[in-house]
Amino acid sequence: MSDEHKHTISEKQGGDVEIVGVKEMDAVEVDAVFGFQGEGHIHYTSMGWMQAAVILLKTQVGLGVLAMPSLLQMTGAVPGVIMIVGLGFLTTWCDYVVGTFKHNHPEVYSIADAGYIMFGNVGREVFAIGYWCFTVGVAGAAMVAISIGFNAISDHATCTVVWVVMAATIAAAAASIQTLNRVSWIGWIGVCGIFTAVLMVTIAVGVQERPAAAPKTGPWDKDTHAFVNASIWDVVSVLSTLVMSYGGTPVFFGVISEMKNPRDYNKSLAVCQFLTMGLFTTVAIVVYFKAGQYLSTPALGSAGPLIKKVSYGFGIVGLFASAIVFLHSAAKLVFVRVMRNSHHLTALTPTHYIMWFGTTITCATLAFLIAESIPFFGSLLTLIGALFATLMTLQSTGWMWLFDNWDRRKQSNPGWSFWPMVALNVFIVILGFFIQVSGTIAAGKEIRAQYRAGKVDRPFSCKDNSK
């Protein structure tokens with residue numbers, strides 16, 4: 001285990017606790033976040049770098065990939081791909097900053113802790129609320145996608161609300177697993193499921209003579225374009241969805257905190273971002289150019305009824321994994337915040353169990369309410385991306401880098417890269433605020449238009465949302 005956020009304790013005669021070195025014999029491990037992790041306590045810091053890579057990948061690849069082709073439809077292929085790749089590299093830098101900030105401040109467990117270090121109590125509360133709303137909102141969006149999947153597979157066998165209730169119940173039960181190390185197996189299954197579903201649709205769309213939704217006979221036009229006359233609201237909506245899609249960044253603090261060796265984080269991050277960017281770009285290009293105006297959102301419905309059912313059969317596993325990971329993260333934020341500096345955090349006491357299961361159930365209930373209040377998959381992603389993912393992914397990491405490095409300006413030679421890096425991180429903060437404000441307006445316009453169009457008649461609607 002790394003010594004960067006761990007030390008050990010030993011008992012002196014009389015029961016007093018003494019801080020000793022990490023190599024001291026017969027010592028009990030203590031973590032800067034979780035405290036005692038000895039016998040009879042939950043051992044949180046037990047995750048290897050490959051397990052961490054899977055959790056990171058599952059936070060990135062899930063809901064966002066299903067919206068990629070529609071982004072190219074809104075802006076044209078060339079601007080769309082540029083934004084997918086560009087935001088991918090930009091958020092990779094943001095994710096890297098999370099690792100350096102955690103290394104410099106090992107006591108940080110969540111982005112709320114980072115907010116406290118940078119801005120005091122106000123920063124902690126603002127970032128805590130933003131992070132909690134973000135993770136619960138993503139879980140809610142996953143529940144919407146799960147209900148779409150079950151409606152597609154079952155030909156709308158029951159009221160859509162029933163599917164969302166079932167999704168919330170199963171996700172809450174699985175999210176109650178207490179450590180990310182043990183949750184990682186769900187991540188493995190989820191990543192395999194969503195990869196299989198997306199690749200199945202991509203291949204099916206690629207080999208079909210014409211999209212399933214196109215006219216069966218006669219001439220037809222995919223209506224694909226390298227460039228389109230997109231409005232500013234279309235561009236902002238795309239940027240918001242992309243930030244949401246790459247927006248697992250705030251969850252990464254918790255992942256690093258539960259790694260056996262946090263120094264391996266960069267390896268996990270490299271695997272995650274390489275696969276994420278490759279999958280996003282490939283799916284967007286292939287499905288858009290093969291389905292064109294006949295693609296659907298989520299993208300799993302673009303290859304016709306049969307492939308739609310089969311792909312959702314695999315994809316639902318990945319969607320459940322997304323709901324579980326984000327519900328777990330939301331509940332863990334509250335749990336660690338309340339139980340920190342208490343032996344109930346790791347000791348298996350009645351208080352521990354009541355608090356843990358209570359926070360998980362509460363988060364799942366609120367995610368369910370979000371899913372039923374805004375039952376539009378694409379617009380919900382845009383809204384979450386604009387309102388919360390920007391602050392959690394862009395502004396926060398720009399501030400983190402500036403907080404840790406701003407004093408370098410006082411040095412006689414801060415290095416040739418210092419001022420360009422200052423400019424980059426200031427740009428990230430400004431871009432985040434721009435997307436946050438304009439993206440929220442764009443999402444509001446989309447949601448209002450969809451209600452007016454009758455795609456869903458009211459919240460808590462039984463209407464089939466898979467068509």
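Note that Cβ sites are derived from N, Cα and C of the backbone, with glycine treated the same way.
Taken straight from TrEMBL:
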DOMAIN    47-441  domain 'Amino acid transporter transmembrane'
TRANSMEM  80-99  transmembrane segment
TRANSMEM  129-153  transmembrane segment
TRANSMEM  160-179  transmembrane segment
TRANSMEM  185-207  transmembrane segment
TRANSMEM  227-248  transmembrane segment
TRANSMEM  268-289  transmembrane segment
TRANSMEM  310-331  transmembrane segment
TRANSMEM  351-371  transmembrane segment
TRANSMEM  380-402  transmembrane segment
TRANSMEM  422-443  transmembrane segment
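Spatially, the transmembrane segment (310-331) is not adjacent to the transmembrane segment (422-443); fewer than three Cβ-Cβ distances between them are under 8 Å for residues at least 6 apart in sequence. Tertiary neighbourhood of the transmembrane segment (422-443): same-chain residues 90, 93-94, 232-233, 236-237, 239-240, 243, 379, 382-383, 385-387, 390-391, 393-395, 397-399, 401-402, 405-406, 409, selected by CB-CB distance under 8 Å and a gap of 6+ residues from either end.
For the transmembrane segment (227-248), the most Cβ-contacting stretch among 80-99, 160-179, 185-207, 268-289 is 80-99 (pairs under 8 Å). Long-range Cβ contacts of the transmembrane segment (80-99) within its own chain (Cβ-Cβ under 8 Å, at least 6 residues beyond either end) map to 68, 71-72, 74, 238-239, 242-243, 246-247, 249, 252-253, 256, 262, 265-266, 269, 272-273, 276-277, 280-281, 284-285, 288, 393-394, 397-398, 400-401, 424, 428.
Only pairs six or more apart in sequence are counted, and the transmembrane segment (268-289) with the transmembrane segment (351-371) gives fewer than three Cβ pairs under 8 Å, not enough to call it a contact.
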